[in-house]
Amino acid sequence: MSTSSSNIPYDVGSPRQQSQTEIRSILNPSTTSTGAHPSFNQYHPPTAAPPLIPSHIPLQSTTPSTLGLSLGTPLYQSERDIGYPRDQKPTSNYYDPTSDSSERRPATAESKWSDREAKTSQRRDSYPYQQNQPPAPSTDGPMNLYNGGYKSPVNSHFPPGSPISHAHPQGRVPPLVTQSPRMPAMESPISRHNGLGGGPELQDKPVIKQEPVPASTPSRPVDPMAFSSILSSAAPEPTPKPQPTPTPIVSKPRKASRQPIPTLKPEPSSAPSSRQSSVAPAPQPPTSRVPAKRKANGETKPTPKPKPFTKDQERDIVILMSKLDGEPEDSDVEFAEEKRLYQTRSLKRKLEVEKIETSKTKQRRTDFTNKMAKRLEKHAKAGEERYREVEGDAAISKVQADEIQTEKERKKDMQRKRRREKTVQNNMEQKEIALAKAQAAQDDQERHKFLRDAQRAEKKAQQTKQILARGDKGPEIRAVSPMEPNMQGGSMSTFTAVDPDSTKKPKRGGARPRKSKEQKQAEKDSAAAAQEAIDKGESPALMPIRDAAEFKDMKPLPSKEGVTKIKLKFKAPAEPVEVKEESPSAPVDQHNTKMYHVVYDQIWKDLARKEVPKVFKLAVDSYSIRASNLKKTAILASKEAKRWQLRTNKGTKDLQARAKRVMREMMSFWKRNEREERDTRRAAEKQEIENAKKAEADREANRQKRKLNFLISQTELYSHFIGKKIKTDEVERSTDHPDVAVPDKADHAKPDHGDLPEGTAPAKVTNFEDLDFDAEDESVLKAAAMANAQNAIQEAQNKARAFNKKDDAPAMDDEGEMNFQNPAGMGDVDIEQPKMLQAQLKEYQLKGLNWLVNLYEQGINGILADEMGLGKTVQSISVMAYLAEKHGIWGPFLVVAPASTLHNWQQEITKFVPRLKVLPYWGTAADRKVLRKFWDRKHITYTEDAPFHVLVTSYQLVVSDVAYFQKMKWQYMILDEAQAIKSSQSSRWKSLLGFHCRNRLLLTGTPIQNNMQELWALLHFIMPSLFDSHDEFSEWFSKDIESHAQSNTKLNEDQLKRLHMILKPFMLRRVKKHVQKELGDKIEEDIFCDLTYRQRAYYSNLRNQISIMDLIEKATIGDDNDTGTLMNLVMQFRKVCNHPDLFERAETTSPLSFSYFAEAGSFLREGSNVTVAYSARNMIEYSLPRLIWREGGRLDLPGHDNEHAGVKAKCLESLFNVWKPENIVDSAKEDGAFSWLRFTNTSVQELSTASRKDVFARAVDLVKRPQTLGRLNIVYDEEEDKNYTPVHSMLQIVNRKDRKPLAEVTNEGYLNKLFNVAKDVWGQSGMSRMEQCGRPSATAPPIEVTCSSRGAVIERQKILFNVPMRRALFGPSPVEEKALITSKVSPLFYPPKPMLPLPTSEKQRFTNIKVPSMRRFVTDSGKLAKLDSLLTKLKEGGHRVLLYFQMTRMIDLMEEYLTYRNYKYLRLDGSTKLEDRRDTVHDFQTRPEIFIFLLSTRAGGLGINLTSADTVIFYDSDWNPTIDSQAMDRAHRLGQTRQVTVYRMITRGTIEERIRKRALQKEEVQKVVMTGGAGGGVDFNTRSKENRTKDIAMWLVDDEEAAEIERKEAEQLRYEAENPTASKKGKGKGKKGKEGGGGSLEDLYHEGEGHFDDGSNRPSGTATPIAVDASKKKGSSSRKSGGGGRSKKAKTAKERLAMADGDVDMA
């Protein structure tokens, strides 16, 4: 180890260099002046250690500079190899306490506060406490020569230990400068071995003052291990030859963060440093800049310099030393003993050093090997990269070329394989053909020939199959054993010794040579001639013997696979060949050269290898052919030889068999002939019958056509007469917007009725049944239709007059004009708005009022079919106001509306016409009985003072109280939402038709919902005399327009035009875009969603459970029972599309609780505040009797029977307690045992109190205690004051270094992140929000000890519910925090923060209960995920949403989602009570903070004004598109000023798409019928009820399966056409099944349309119980008891829907 100037330790904090003389004075005892011991005690053994220096380390020079610079902290490896400039001043960012201007002087004995030892100077290193150091050796022991002063050169650097055990370590020589904070200081092992580490304070003898020695003189001999060096004095020896100092090695510059290590530069001793370490005593103490601070820290003046010895003292010392030298008798013995011990120690040290050096050598070799390996690895990688750059493209191209070649070979193999497969197929076909010919052949020879051909073809096919199975085998891959690792070095390489392609197997012999056509033909001719000769009995011409002898000597060997061998024998020539010898004198022939012989030999080899196998193959084939021919000849010869044996009685038997066969064939022929004749005759008869039926059907069709034409003409005439007076078309056209109105087409011509009379019909009125449509002429039918139409008008007017006729004469006004109650023509008088109406009617509403008044004047009923939202209610109220104001007709008026709109009718009548008295007729039976007292009078005259004018009720109550309503005579009956009476077979329709009323007005926004039959029901209701229940008219409405639209488009268009003209006089319809200019647009948008993984799994499972064949069967021949089954499947599929949680909810789960809980009593008695007690107890209980648990059984529980219970506490905690305040004070005064209290900022009382508390209480006290010491880092932030610590807190090192105040000062920004790195990283990692991977399978409270004692219960409660402990862990409650704030308590008195740390998991927190994830709840449904993103955008845009659903359970799930997203919402469905609906709608209209309104499409789609919303979302569409239109018009109606956007959620590729397509078709039907346009492109094919099942089956299948269903249906229709009897039987069965079956698709479409106030099975609480007669009850009960009848409870879906709609009698 070199001790050159480059290895000098440097001071990272000292501002200036120390002089070399000062260093020498500090470290070299020989150059130190005599005096008292310094204040530090550096340990070193008294005897220097021998120089056990390794051989590779040069000896150090013993110059004073070397001695001074060799001691100190060993440098890092990087520091040993780096040289630095000598005059560079070190700079560093670390604080050096030795460079403080207020230098602390060494403490003296007078400055200590204890008499035991002097206080050492306080050093402030980078660590706040001293490092681990060995204790000071004891000088009293006998063997103190070697007591641990030696340390291993391989010194471990451990982090500093705890400051508790080393609060005041023994002094040691501090390092010359403060070391780098990265590693603790370590002494140089070389200097310690050489005895250079001892200080003057470790010398046992007093140091005698000596003269200073020159710098070139060493302080010891060169060899410190010499015996003379041990016994010699400290006198200087002769100067040895100086060793050359190695040149400092200057390495490359390091990073900027490491400052260069400067070389200590000697300075003149006259310029002492102003900032020196307190370790080195300065000759002149400098004046401190801050004396007050040093005084506060307990520092005193330095010790005065000791006086030198006098001459007398020196003389006495010399005398004593001479006396000692004169007694040498024991010196040799002591020397020998010391030498032996020294040699023992030296040997031990040598072995240790060798062991260490050996390990270091291995480590260096390993490091060098790794270094070289890394270096070579870099070269290898560089070479690989270079190779890739140079050869990479070529290698890639070669690989690509090989791949292309391999692909070509593969394609060739595939082609070869296909050709072979084709060959096999052709051979098998030839075999089949040959077998067929053999079966068909009459001759045995031909049959055998074909059989041989079949065998030959089969053999070829088998051979080809074998070749296909064997395939083309490539070269075999040899198994190469893996190479063993090379442990000897050198390079290794492998190569293939033999090329696998070089030893190929010999190829198979080629095929036999192809024959020419002439040869083949000659062979065929010879074979045919041989066959003819054989047939004639002659012997065929065989091959000559001489031809067979050619191959006599050729013997083929058995051939094995892959081996071809031939033996050839050549006959010797008959005559010897004379060989002429060449003359030696002849010239050299050119064929006698070596090349010639090589070529000659090669030719023979080629002949032997190639040509000989071919010849052998030809020979073998020829031999096989010859043997086959011989075999055939032998067979034929044997047959000819046995021909005489065939002459037997076989011919007679064959003749009899032939005769029997002919007889059977003749009999079958005549039977077949007779059957064909009979079938032909029957077919002719059947054709005649069919022709007759067809002619009859044509006649009936013509008759029905004329009958229908008569009915339509009659209706058209009636409409024409009424239209002239009502002028509905003018009313509609006058209110059309010119920009959007549809212009009249020229071809949309009205029927030409000519000049029709206005008065009474001159012709005779003919009943419909009396007309003969076969004999009558068209003119006669037209005249009868005109007469009937005029008669119908006259009957309507007479009926109106009869209703208004009273007992007295009709009232006339003063001018004698006719009263309005007497119907008459009013001409073109325009009616003004009534003054009673407190509202301003719009133009189109005033036109509607004129139209309604004209209807009333003519005594004709009508349908006001304005689009929803145009004010049909206001127009109806204005009619009643007009009648009351102009003509004094104050009622009674009857308004029947759905239950959801009753409040709306009452409010609007009261609001617009306050003078009209409204009687709300709903409630319980008792309430309605009281209400009937106001109007149940026979001769009441309704004037302005009448008890009521308008009665408002619902459809259900009209049906239930029909007996009371029929007693009244109603002036005007208004039916709101008239589609409720669309069924003419329901009891509701029949009951309302039987009311006595002058006029009926139907209000509906959708007159056509599902089919034309509904429109027919409405027309029949308003004009029973004209639109009566003729089957033909009903047939025309329901079938001709719908079913024949596809087949007869022209007829369909004509009928639609005529239908539109018929409807014109009775129905007034305006559309929003035509009449309401200020109404915003309505935009409809379909949002397609995809199924999630969970939904697809559910959907696939449902599809897999459906049998497609069953669907096809049900779709073709099924009835309504099958419809119910299919509808159940449809509902399941719709549930999957909405949300999979409709099938199975993700439940809240928790581990098994191995405990039981107390049962709670009734909460009804507890009031609003319920006390929930802790009652969880383990299933395992440890029961103890009271005698053991409370009465003397426990040793720690004091009592009258346990006198020894408090002995331990009394002795240990009271008598022997060293923490008592008195003991602490006395100990501090006497021996100073508690003297450290003054440096810990702790009082005696605090220490005594802490000793009596447990760990938790002490932790609480620490939290409450203010931590102000760490704030000094903020106050004292200068460099020189950075480590300032008050004296009273000197030992509170951790609190002084606390960084929390710095973090509290910076609450935000990057500095805050730096102080909270762990917290910031944890938060960004997302670990706290991750789902838990596992959880315990079971939990249980701790096992408790049970005892029948109140004291045991109290003790357990105190343990479990410790209030102070809970308050410390959880902090104050929110109520207490609020009280502290409201009371304005100072923050100093606030309770401490909660001590319980935050949970690691933000989701799970401290519990194991797992709640279903709402995020997964959203993402499990494709619809809900789309809706989530859509609602976020709508919320940001300030929109308000109406959200419609079909399923109540889906609304429940949506409520959970809205709660999760914190959206405010309201809900209205069928279960909402009637009185709550008004308040709910009012809240949504008046409170803008409500974002979403959840509605049921059936319950919330009628009679509600929700114009405050501008967005409508259909989560799932209704079966009936009209219901959706009514629902969206709740927002898009009169009063809406914003644009309304309608979103419809549809799941792609599911049943919802097919339902939506069907709904669009129905909407198109409505548009065509209402507008009267062309309907050629409209699908009117709504199937009949008998085959309605097909529509549902089509929803459940895909396109291919739908095509299969269509095909099966076509086959069924063809079968029914061919077998009419079977089809009639099937229809009968279907009809019977229909009567007992469930609901059909039609019922599904109409589901809930009439029961508007109830969208679910739960009653709303407002319905009235229906009274049933006793006789009916009795009859029903008897039927039930007999088993033949059904209970009153609806069993099928159809019955339930009918009851809900009121279509059937409740009895």
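Heads up, the Cβ atoms here are built off N, Cα and C, so glycines get one too.
Look at Swiss-Prot and you will find Asp866, Glu867, Met868, Gly869, Leu870, Gly871, Lys872, Thr873 tagged as ATP binding site. Lys872 (ATP binding site) counts 25 other C-beta atoms within 10 Å of its own C-beta, drawing on all protein chains shown.
According to Swiss-Prot, the feature coiled coil maps to 369-470, an assignment based on sequence analysis.
Look at Swiss-Prot and you will find 78-89 (among others) tagged as compositional bias 'Basic and acidic residues'.
Annotation comment: Swiss-Prot describes 101-126 (among others) as compositional bias 'Basic and acidic residues'.
As annotated by Swiss-Prot, compositional bias 'Pro residues' applies to 237-247.
Here Swiss-Prot flags 516-526 (among others) as compositional bias 'Basic and acidic residues'. Helix, strand and coil counts under DSSP for the compositional bias 'Basic and acidic residues' (516-526) come to 10 helix, 0 strand, 1 coil.
If you look up Swiss-Prot, you'll see 729-756 (among others) marked as compositional bias 'Basic and acidic residues'.
Taken from Swiss-Prot, the feature compositional bias 'Basic and acidic residues' covers 1643-1656 (among others).
The feature domain 'DBINO' is assigned by Swiss-Prot to 603-728.
Annotation source Swiss-Prot lists domain 'Helicase ATP-binding' at 853-1025, citing sequence analysis.
The phosphothreonine annotation in Swiss-Prot covers Thr178 and rests on similarity to another entry.
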Asp866 (ATP binding site), number of other Cβ atoms within 10 Å: 22
Shell list (ATP; ref centroid = CB of Asp866, Glu867, Met868, Gly869, Leu870, Gly871, Lys872, Thr873; cutoff 8 A): Gly1005, Arg1533, Leu1534
Binding-site residues (Met868, Leu870), the one with most neighbouring Cβ atoms at 10 Å: Leu870
Overall pLDDT for the domain 'DBINO' (603-728), taken as the rounded mean: 81
For Glu867 (ATP binding site): DSSP state (helix, strand, coil): coil
Other CB atoms within 10 A, centred on Gly869 (ATP binding site): 23
Sequence-distant neighbours of Gly871 (ATP binding site) in its chain (C-beta under 8 A, six or more apart): Lys842, Gln845, Leu1534
